[in-house]
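Q: This is the feature table in TrEMBL:
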type	residues	note
ACT_SITE	A:65	active site, proton acceptor
ACT_SITE	A:76	active site, proton acceptor
COMPBIAS	A:1-10	compositional bias 'Basic and acidic residues'
COMPBIAS	A:11-20	compositional bias 'Low complexity'
REGION	A:1-20	region 'Disordered'
Ligand SMILES: Cc1ncc(COP(=O)(O)O)c(C=O)c1O
């Protein structure tokens, strides 16, 4: 299935190369899966998000995903909902996302993606948002409620600016949609591990591998798995078949309960799962 | 919150539909003999679509496919017709309201009596249809959102009738205020889940229903209660409500020998209005008016006048007008009527507003309550408070029509058909509290103060 690779996830000449792809390829060259950490912006405040982002980068995360707190986060479970409600209550405003991205990219080499529901982007204007994101050093967008079918403007603008477009694929995704979504993505494809919302789970189940295989078969060079991953053991298990592993809720809970130090500690622990030779399976 | 509301206020480029109306488009549409009826979606002009997580797209595809086949299947349409007739009690009556009409500038007013349907509102049309669709898909469980409980009760009713498990998501605050509607749903065999997320209102109940749906989509159909959401919901919900406008058109022709000058309805998500409007969409001599909840007044920021003051955005799967702040965060809506208290609106209404085919105006709580009392006392019909918005709008419209007659014409030459979307039994405590009809020390007074609807 992967005989002809048009390299769709590479930019057209002229636009900057994919930062997300570069980060994942660097991990691959070191013989490991990429580790991707998520935190919502402004929880509990913007400065802490920047510090926690830097702490993640310094402790083994390859890509950072910063979420925009949104009033109606239908893909999020309770932990992330509570964090984003608090961020909004503490006065987070959408333009501050660019401060967060810039604050992290100035201090680290990690690729920083923004995870956002679509309405805040639409409200600012897709081009405005994208230009400001690029200026802040951001890699691109992960869009949980934007499917390629509705993404015409974003496809065009992201292509021009060389920003990554990370669309989601799920266990329910049909072969036709898998092909379209893989074709439309840039940087990597986000494989949703289970039918459900964000939240730590003890097991991500067999569905995840099937989704990753289907995405690879459709020509995706980089497929990362998210939803439910919370331990280095899970990172190791998923890293065996995926190109990257995304951890969200567990990091948010760590920040909530133990501050930036707890994020640093958990990141270091998770990164042992992504390491090439797991030192005797220590976890 | 107040200044956030005012961000989408009356000035500048944010003013919403008023800016975007291009009456010429509707004209062009109709003069080219293109029908506005049976618009299939996913798009209504620039609105509609599927702004949804990929995880749910397969379920939406399955729903669309099942619905398309069902519509073309005589067995299905016969099933719907049979339930409408022998269970819901259709056709609903068309009643002339002569005494109420005296307060509408003297034009003739006819009420499309959806209040007489089983469960007391238009909602039954949609839930019966969707529950049948759920069964055709082999689903064994339906989930629904509800504000005051009307759609929850209707869903529980359809689920009981057709042997489906039913779970209703309802804002925690609403479950307390609407304790009797919670009991009603439970009596019908449904489970009611109080929603404590976000602002704990109807929109958060929809969010939680969507989260449930993502996790249980194999067994579960999301029985959405209004003509909003991702494709195919807007066109499917409209389809099941088209019977309102189809009947009304036939009945008004039969009773008066001609089409009305205007058709009116209240607009929450827009289901009763679109069902009514649909019958008249291609009769361009018939003006269409939707009345939104103006709450304390649109200038106060405490309202639910989505088309009047909102601006395009995406919420719950569709692009449409939306009450949002400058960051694109959904704003809280306010209305005395729980059924109109929603910051979004169905995409087909956004389109009809933009092309000028339908007009949307806000009605304040006070205006609605005045009309509520008036209809009760002139016609012996207690309307739902949602419906009272349509009645108040009809009073204003009737007076405008009467003031704008050609020489030799009488007000009684003008005809308005109002969609009387529901009855007011559920609103008696709210209304009694509003009009101060309860003794100070009564249990009912306490309940009314909390906004309970009996
Ligand atoms: C009687 C009645 N009318 C109108 C509405 C508003 O909904 P829609 O705009 O979908 O008709 C409701 C909703 O609960 C209702 O109960």
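The backbone N, Cα and C atoms fix where each Cβ goes, glycine too.
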Q: Roughly how many Å separate the Cα of residue A:76 (active site, proton acceptor) from that of residue A:65 (active site, proton acceptor), to the nearest whole number?
A: 14
Q: If you draw a 10 Å sphere around the Cβ of residue A:76 (active site, proton acceptor), how many other Cβ atoms fall inside it, taking every protein chain shown into account?
A: 27
Q: Near residue A:65 (active site, proton acceptor), how many other Cβ atoms are within 10 Å of its Cβ?
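A: Its Cβ has 29 other Cβ atoms within 10 Å.
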